[in-house]
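Positions annotated as domain 'Cation-transporting P-type ATPase N-terminal' by TrEMBL: 2-68. Residues annotated as transmembrane segment in TrEMBL: 47-67, 79-95, 227-249, 261-283, 630-652, 698-718, 738-755, 767-788.
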Amino acid sequence: VVEDVFKLLQCDENGLFTDEANRRLDIFGPNKLEQEEQNALLQFLSFMWNPLSWVMEGAALVAIALSNGGGSPPDWQDFVGIILLLIINSTIGFYEERNAGNAVKALMDSLAPKAKVKRNGQWQEIESANLVPGDMISFKIGDIVPADCRLTEAINVSIDQAALTGESLPQSKKEGDQCFSGSTCKQGEAEGVVISTGANTFFGRAASLVGQDDDTTGHLQKILAQIGSFCLVSIGIFVVAEIFVLYAGFRYSYRDGLDNILVLLIGGIPIAMPTVLSVTLAVGAQQLAKHKAIVTRITAIEELAGVTILCSDKTGTLTTNKLTIDKETIRTYGPFSADDVILLAAYASRTENQDAIDSSVVSALGDTSRARAGIKLLDFKPFNPVDKRTEITYREESSGKIKRVTKGMTGIIIELCTRNKTEELENTLEADVEEFASRGLRALAVAYEEVDGDDPEAEGNGFELIGLLAIFDPPREDTKQTIDDALALGVKVKMVTGDQLAIAKETGRRLGLGDHMYPAKVLKDGPAPGGKHMTLDEMILDADGFAGVFPEHKYEIVKRLQGLGHLCAMTGDGANDAPALSRANVGIAVEGATDAARGAADIVLTEPGLSTIVHAIRGSRIIFQRMRNYSIYACAVTIRIVVCFAILAFAFRFNFPPFMVLIIALLNDGTIMTLSVDRVLPSMAPDSWDLAEIFSYAIAYGLFLTASTVALVAIILRTSFFSDKFSVEVPTTNQLHMIVYLQVAIISQALIFVTRSHGFFFMERPSVALMGAFCIAQLVSSIIAAYADWGFTKIHSISGGWIGIVWVW
């Protein structure tokens, strides 16, 4: 009993005092689901903690610790250069990720719910997060219940628990009943005492299921690791080859051999890879936020690009979640037209403090003021659970006559109807109601009578049945178009709803989803013997949707689809969806979702409907293309540097200075960052990482660039072609280093225009940022070639003639 609740919670109907509330807040914690704060320093260092960075850090140690002896000091220029490169990459990555994170946080904070609470004997509004057990709270129609509570006062209350249980019809509550945090008050007003908050609510317990299931290191991490290993293995093979050939074969001195090995280590590692990919994702997340999709787990963008099946909730996502009169299917039985039936039904509805059905009837008029225009209200009986109907007695102003209209459950209304009732009419009505039911429409009967004389209390001349209205939750305007768009993008949409099978099928038909829907119990019992499906998996793949679904069913559906090799996205709005949202590859919390659903989801929509999701899928595929283009480029450059400088060392004993490879890496990084805003075309099918394709492109491009550089060096060293034809000076060793530097810098960077296009590179225009960065980097390279005279790194400036030859080459 409620008295005992007050005893147990040591409080009374006047609420708590502020200091007591604060003391309880320390004990019970805030009334919200735990969220981990990320340590900024650790986030920054995480960019330096991955296999690719380890090799770079190793190279820095080699430069400072092992590059001693041979009568020259440690190689501190390379050491400082490598450390700078690492810090620059981490800083850019950290800054972009923080930015995206803060944008997301600001949007999430703007969604923080408020609650009305009695403190120090006064009603005030506070953030729901500060509620504690023992607080007195009040809520009214339209509010979200802020914490689990027991009602101490309830006036005509009905609560929509769809968020928790998936039932689409509101439950009526009376004094002493329990209301759950996260459900919505649809009617009336109530006061209650808070009995549990935060993770202890019915809601919070559902959310704690969520953390249990994390067998997924991000998909992207795995891919990165594989691309990283490809680069590391390539480098490893040639480093070992150099150790044997240079030291054992050519009897190099210790320092000269080490410099050659450093070139492979510094030049071969795609050190910018973690940064470029995280910047691409962070920039992508900000672009998606403009489309009203907040990304809470940044790597979800890459998975969204590969989604093949989208499981969508019905209520509120595919449909509007507002009961509506279906004007197409109104049945009329008397002398009145369909529009008259709606008008008369609207008379028999409340115009203020309405329940869902009254509001649907009145809004069917279009102009809601017509519900009381031209009549004088004499008496109104609102809906109650016993009579199951509403009734109005009114005087029509034009004729002065008194009339009555009633609307309600068909069985009750047909009993009332005494005038013109025939067996035929009853049979017709029964058939119509059954037809409505088979299509998932709820029927509402309307009857009418006239009253003789001037006494509104008098008996009328008997009710006559005049019409049958169909009530349903209509699809959103944009849903059908969105589903067609999704199919065009190669994503199959399945409806997963807690509603009844008939309703699900009707919605499916209206949306062109198909009506191969099954009740959720097949998930436990398996397909019917002798049916067309041999196994449950086959059935789930073939189904257009499932009805009567509980949260654990959603979880099961997602798990089975993933088991069949599909990447699965799941939408949801309630706490009951949280486990499935966290299990899905991409969990999407739709607009108006509860905190628990938002906490479990990877993407939170702030606009209603499915169309935002299709925008997000398109956006994610653009981002995916950028990442793929970069991956091919990074692997190709690795092959190109490693193979090229190893061959030059083996064939011509050509010792390239490591510091110049650092300069190439630095300039490349700057240009590559602009890939995150490059113009690309999204693919029309779900994307997936085809590593074999990426590696074969990379090897082909890499070997082509290698051949180009080796040929240039061979012609310079073995022939006098250039000095004869173009009368340029024969280069010294240091000048030859500079020629190779310039050629490698230009051709490596220009490769990006090839990897980013699907056909000839000149058919797809790059973004202004990418083109600009390329031009600046190449200008810097050419200036270095013309003027740099750095003794410590064995290079010497070259003439304009040579620069021209290298560019043309």
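Numbers run from 1 along the shown chain.
Just so you know, glycine gets a Cβ as well, placed from its N, Cα and C.
TrEMBL labels come from automatic prediction, so no person has curated them.
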For the domain 'Cation-transporting P-type ATPase N-terminal' (2-68), the mean pLDDT of the predicted model: 86
Stretch with greatest number of CB pairs under 8 Å, the transmembrane segment (227-249) reference, 47-67, 79-95, 630-652, 698-718, 738-755 candidates: 630-652
Spatial neighbours of the transmembrane segment (698-718) far in sequence, C-beta under 8 Å, 6+ residues away: 230, 632, 634-640, 643-644, 647-648, 651-652, 654, 731, 736, 739-740, 743-744, 747-748, 751, 754-755, 806, 809
Stretch among 47-67, 261-283, 630-652 sharing the most Cβ pairs under 8 Å with the transmembrane segment (79-95): 47-67
Summary of DSSP states over the domain 'Cation-transporting P-type ATPase N-terminal' (2-68), given as helix, strand and coil counts: 42 helix, 1 strand, 24 coil
Contact set, same chain, for the transmembrane segment (630-652): CB under 8 Å, 6 or more residues outside the stretch: 227, 230-231, 234-235, 238, 241-242, 245-246, 260, 263-264, 267-270, 272-273, 276-277, 280, 661, 668, 672, 675, 694-695, 697-699, 701-703, 705-706, 709-710, 713-714, 717, 740, 744, 748, 751-752, 755-756
